[in-house]
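S.K.: Per Swiss-Prot, region 'Disordered' is recorded for 28-163, 993-1014, 1261-1306. The feature phosphotyrosine is assigned by Swiss-Prot to Y683. Per Swiss-Prot, the feature active site, phosphocysteine intermediate maps to C853, C1169. According to Swiss-Prot, the compositional bias 'Acidic residues' annotation covers 999-1012.
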Amino acid sequence: MTMYLWLKLLAFGFAFLDTEVFVTGQSPTPSPTGLTTAKMPSVPLSSDPLPTHTTAFSPASTFERENDFSETTTSLSPDNTSTQVSPDSLDNASAFNTTGVSSVQTPHLPTHADSQTPSAGTDTQTFSGSAANAKLNPTPGSNAISDVPGERSTASTFPTDPVSPLTTTLSLAHHSSAALPARTSNTTITANTSDAYLNASETTTLSPSGSAVISTTTIATTPSKPTCDEKYANITVDYLYNKETKLFTAKLNVNENVECGNNTCTNNEVHNLTECKNASVSISHNSCTAPDKTLILDVPPGVEKFQLHDCTQVEKADTTICLKWKNIETFTCDTQNITYRFQCGNMIFDNKEIKLENLEPEHEYKCDSEILYNNHKFTNASKIIKTDFGSPGEPQIIFCRSEAAHQGVITWNPPQRSFHNFTLCYIKETEKDCLNLDKNLIKYDLQNLKPYTKYVLSLHAYIIAKVQRNGSAAMCHFTTKSAPPSQVWNMTVSMTSDNSMHVKCRPPRDRNGPHERYHLEVEAGNTLVRNESHKNCDFRVKDLQYSTDYTFKAYFHNGDYPGEPFILHHSTSYNSKALIAFLAFLIIVTSIALLVVLYKIYDLHKKRSCNLDEQQELVERDDEKQLMNVEPIHADILLETYKRKIADEGRLFLAEFQSIPRVFSKFPIKEARKPFNQNKNRYVDILPYDYNRVELSEINGDAGSNYINASYIDGFKEPRKYIAAQGPRDETVDDFWRMIWEQKATVIVMVTRCEEGNRNKCAEYWPSMEEGTRAFGDVVVKINQHKRCPDYIIQKLNIVNKKEKATGREVTHIQFTSWPDHGVPEDPHLLLKLRRRVNAFSNFFSGPIVVHCSAGVGRTGTYIGIDAMLEGLEAENKVDVYGYVVKLRRQRCLMVQVEAQYILIHQALVEYNQFGETEVNLSELHPYLHNMKKRDPPSEPSPLEAEFQRLPSYRSWRTQHIGNQEENKSKNRNSNVIPYDYNRVPLKHELEMSKESEHDSDESSDDDSDSEEPSKYINASFIMSYWKPEVMIAAQGPLKETIGDFWQMIFQRKVKVIVMLTELKHGDQEICAQYWGEGKQTYGDIEVDLKDTDKSSTYTLRVFELRHSKRKDSRTVYQYQYTNWSVEQLPAEPKELISMIQVVKQKLPQKNSSEGNKHHKSTPLLIHCRDGSQQTGIFCALLNLLESAETEEVVDIFQVVKALRKARPGMVSTFEQYQFLYDVIASTYPAQNGQVKKNNHQEDKIEFDNEVDKVKQDANCVNPLGAPEKLPEAKEQAEGSEPTSGTEGPEHSVNGPASPALNQGS
């Protein structure tokens, strides 16, 4: 046994001495069997757990003894003691292959650093689309689960750094070269290390030679308890956040439930941790020994303090994605410990903000992001972002070209990519116009282009997404076709010598063609004498005739079309070189002419009693020569021509009128001059021509029985349509009715009154209603009906002839009563209205229309001229007034006697051409109004709107000096509503006490208005009523400082009824001062006593008693305040307003009363609103329209409104007010079966008078109701017919006016 121990000790010693067989764990010399070493991967991130390690053992040493036996001993390497392997040493750990085959190097697993390494030093990374478009793939090994305690496993889309367990494979070396017979001994060695219990079991086989060979060595390890600090060295923690408590919970990632020392942890969770605070946790478990693991919990900031924000710019949103973490709240954590991480596809970025560019439009991209604090993730978010629409493609233009001078067309194919609409721009020189087109269009027609102009067209599609993106534009161009150029302008004609002219003009503003050429045509009369063309508009015309009128026409030619010529008239001068010879010749001729004239005067005086026809032959040759060549006027330029001729005090009208011979001497006048006929003529010089006089039937034994002062007059293309006659004298009344019977006339138009200005104008040739029937020779006349209207009187007569058995005939007698004593009617519409009435009674089977005034030439010719020319205007769309008046003079001398009548014909034609027929019968009103409101097409205004637009505004047509004076401006409530001077209501300072002085003052006209004191001004105007002019007053609502003037006006003008159409206030704004009070109130000299107040649902009636301080008598004034009418609106209940109007009319004087015929003395009605125009205008219009409807069963709303606008500014100023008048009248007079249904209060209004007034009067021989006083410029004395002395003899007419004053003749 002792020997055995020594042998064993000796073998152990040799083992230490044998350096060849000493093996360590890291031998630099490869084993004889070719053992290789594989280097393991690098250490993982600090956030990952440290790997488990395996202790490597050294191979056993083999000793051979000489005494033929061997022994195998296994010894531990000195390095295999209790030692913890550091991470650095693990990188160099070797792995051994026990099979003796060379090991293969372990492949390197992909890491975040392998896929994409972010650049350092920036918070934002930008990547191109080639990398961004890669598909997100899971990272291998990222989801591996470790069985080793303390290791963590976290599921994430992000790849984690791989951790490979470090393993060393040990291969034992054999140093004996011979195989000995086996002698086996079993030895077990147990060694305690820090890591494990090593149990070694060895079997020793002795060879026959006595050497011992170790054949097999088996080592078994039994694990011992590690320390808790070691076991949980790599423990990981997840932080869970509670948004309600704003506290964290730390979850310890271990497989067993551990204890946390002083801190309580439940299910491995530590609760109620505050953000950005540190907490220490001592971890222990019964599977490990002391010391415990001390874990420092570094709590991250709160999750709600971070927000993932889309920072993509909308302009780049089609190809760019931008994501950014924003800190929406502050925190105390160290921001350097925060890591932001994004993963988009297979790209990973550690940045707070990322931006991906060059992406595809309209694609979805997903990006995941997380935030780590000290390498511990505590929040994450995902975003799916769709890129915006991209810019559309470029459309393909098929063609673009000019279709005409003002039109072009472009067609195209739309782009392939999606878009919303097109934008088409067309550029002309420096001007650019763009318009949006619908996406479905592939063609567009361009209108209103400028001729012969190059247009560059640009067409692009656009799409409206987050912003509007325009696609590429397709371009094309074309040049429009040529068109006629515009007119040259600023043309001048100047004389360079007596017969030479220099003509210049400016180029046209629109040439519209390829070439430039100016042409000048020179005409003398109707003969073309020169035709020149130059490149510039500069002509020198020489060698013209002296003292000749020339017409110069200059126009521009663009190579394709001529322009409109600019026309000027100029005359050459006389030949100054022959001036002396001409003067000498003139003296001689003048002397001869003087001698001839003296001789003729002597001869005429000597032969005064000779036949007057011989005298006419002396001037016959001059009748036609003095006529002018006046062209007919087309309807389109009728108004412009009238304005041109009326300018400069009507100089052109006067020239035309004076060129017409008053009497054409070539037509003999014998019958009228015979002695037995001279007494039948009212005027000795107004006689009918023999060739067309009206011849009566002969009465046996009565010389001249076939004569009457009347002439046949041709109408427009209708021979003998009229008979123009003088007003019958008492001696010729029987002849007049004989003419009516024989000529089968059914209509008589009387354009005069029996007496005018205390002068007899015409005999009363019909019976009165009281008389009933009267015989005029053989003709018996019976009056059946008598109807009085404001401007005319219609009488229905029945005539029979005693000597004939024929039945009686109906004759309509129409007397126009509104022709003033002097001058002509101011409103030509009155004559158009008369014409409508006459034509309503005339028919195809009637004889000629008999028209007469006093002499049968002036007013008669005017009416016939208007009637005939209106027929021509309707038939040919042009009129030849001058030519027709010449024709009238050839058929009856002095027809259209004065220039004012000649102008009146033109005015009536202009009125008709501009405004047309606007009068409507009540029976036709409803279908008429229905058609007037139709829009055809819907885009155009309705006929009713067009009619309103034709209404003249009459702004500033008369002066408004008084109301605009500085001292009177404060008396106007509305500066836009100032009364015109011509019809304003003047006030007197004091009321004259005597009736005579009062009468004189009341009769004063407005002519002195301009000279009155400022205190005499009040904002009020006289308004034309239906029955007489200026019997109404339209006034503004009184101001506080004008209440006294308001009552003065009411007292001076004897107002009986006040109509108040306004409240006192509108909101907080005063619109009318309260001009009355309870009981008695004194305003200056006027005492106003409120006697009674009666309120109804529609209006309030107040009764005032007025007294003047210098008068004893009192007056009663009624005030009707209509309260259901808001400012600037229409009446809420029109029927209530109509009802009040009917009540008001009952308080006014009747139309035939003597009081109602006084002009300006009594204006019984005053209407006011806020400014005296808005509501007042509607009220006045309705009052006049109701009177017209009740009297004539017709309404003319257009003319009523036009008259109101002429009387006061702002009357019926809107279309809504205009249409309201139509609607109210239509609802007031409903139609049933084509007949107008009258209300009860109307039944007695529209009827013929069946009895004469008690005081005998010539119903048609008095002044017209309320004939207006004329302004000074209208009060011209007539130079017409003046009767001679004696009532029996004929009268004499001065042959027309000697000056261009506008006079009236007959």
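FYI, residue positions are counted from 1 along the chain as it appears here.
Placed from the backbone N, Cα and C atoms, the Cβ positions cover glycine too.
Quick one: how deep are these features, and who are their neighbours?
M.R.: In the three-state DSSP classification, Y683 (phosphotyrosine) falls within a strand.
Cβ contacts within 10 Å of C853 (active site, phosphocysteine intermediate), excluding its own Cβ and spanning all protein chains shown: 30.
In the three-state DSSP scheme, C1169 (active site, phosphocysteine intermediate) falls into the strand class.
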S.K.: Could you tell me the C-alpha distance between Y683 (phosphotyrosine) and C1169 (active site, phosphocysteine intermediate) in angstrom, no decimals?
M.R.: 54
S.K.: Within the chain of C1169 (active site, phosphocysteine intermediate), which residues six or more apart in sequence place their C-beta under 8 angstroms from its C-beta?
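M.R.: Same-chain residues close to C1169 (active site, phosphocysteine intermediate) (Cβ under 8 Å, separated by 6 or more) are Q1036, G1037, M1060, L1061, T1062, C1072, Q1175, T1176.
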